[in-house]
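Undergrad: Got a structure for you, questions after.
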């Protein structure tokens, strides 16, 4: 099994990505196992931030690194919280605080104007100076609920309505979420690209 470092300190992402990546024969090691320091996400886009994180993890560990930068884009809020999704309510905000701030911002907004999507960018760097990192996108369309539902998932999952299953993301079984999610779609794209490269 190939080892790969996951460049995130978010335990929810570590669990989800380890599960997804194991399907493709990768052993996922969290960067915390190597005492990799958090790096400042100074980019202005998901791609820039993912590259910053992947390069830093590869540099510190000497292993290939995969980084995901993702967030929730709410149309009524002109794409916010976007790259600031994890710190929407402040630098050290909890998932609950971010969720409550978003619900407050969307209070009174009619259902038709509550459209949103999760957007994930995944970057795989084979080494710190990889000149051609693999970059993949995944999007998951839905809308913002008026209150939280469900116990599964993390982040904004309890208020993200999934039209395909008529429930909140946090009410989905993990296997179903894997099929639908932005992260699952980005990973499928990543492995399609990896397979194409190894076949050449």
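The backbone N, Cα and C atoms fix where each Cβ goes, glycine too.
According to Swiss-Prot, the protein has these features:
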- 69: active site, proton acceptor (ACT_SITE)
- 8, 9, 10, 11, 12, 13, 70, 154, 155, 156, 157, 177, 182, 183: substrate binding site (BINDING)
- 69: Mg(2+) binding site (BINDING)
Undergrad: Cβ distance under 8 Å to residue 70 (substrate binding site), same chain, sequence separation 6 or more: which residues?
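TA: Listed in sequence order: 46, 85, 118, 119, 120, 121, 182, 183.
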Undergrad: I'd like the number of other C-beta atoms within 10 A of the C-beta of residue 8 (substrate binding site), please.
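TA: Summing over all protein chains shown, residue 8 (substrate binding site) has 22 other Cβ atoms within 10 Å.
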Undergrad: Using Cβ-Cβ distances, find the residues under 8 Å from residue 10 (substrate binding site) that belong to the same chain and are at least 6 apart in sequence, listing them in sequence order.
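TA: Same-chain residues close to residue 10 (substrate binding site) (Cβ under 8 Å, separated by 6 or more) are 86, 154.
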Undergrad: Please classify the secondary structure at residue 155 (substrate binding site) using three-state DSSP.
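TA: Residue 155 (substrate binding site) sits in coil per DSSP, no helix or strand.
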Undergrad: Over all pairs in 8, 9, 10, 11, 12, 13, 70, 154, 155, 156, 157, 177, 182, 183, the listed substrate binding residues, work out the largest Cα-Cα distance in Å.
TA: 21
Undergrad: Within 10 Å of the Cβ of residue 157 (substrate binding site), how many other Cβ atoms can be counted across all chains shown?
TA: 25
Undergrad: Out of the binding-site residues 8, 155, 157, give me the one sitting nearest to the residue listed as 'active site, proton acceptor' by CA distance.
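TA: In terms of Cα distance, the residue listed as 'active site, proton acceptor' lies closest to 8.
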Undergrad: So among the binding-site residues 12, 155, who's got the most Cβ atoms within 10 Å?
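TA: Of 12, 155, the one with the most crowded Cβ is 155.
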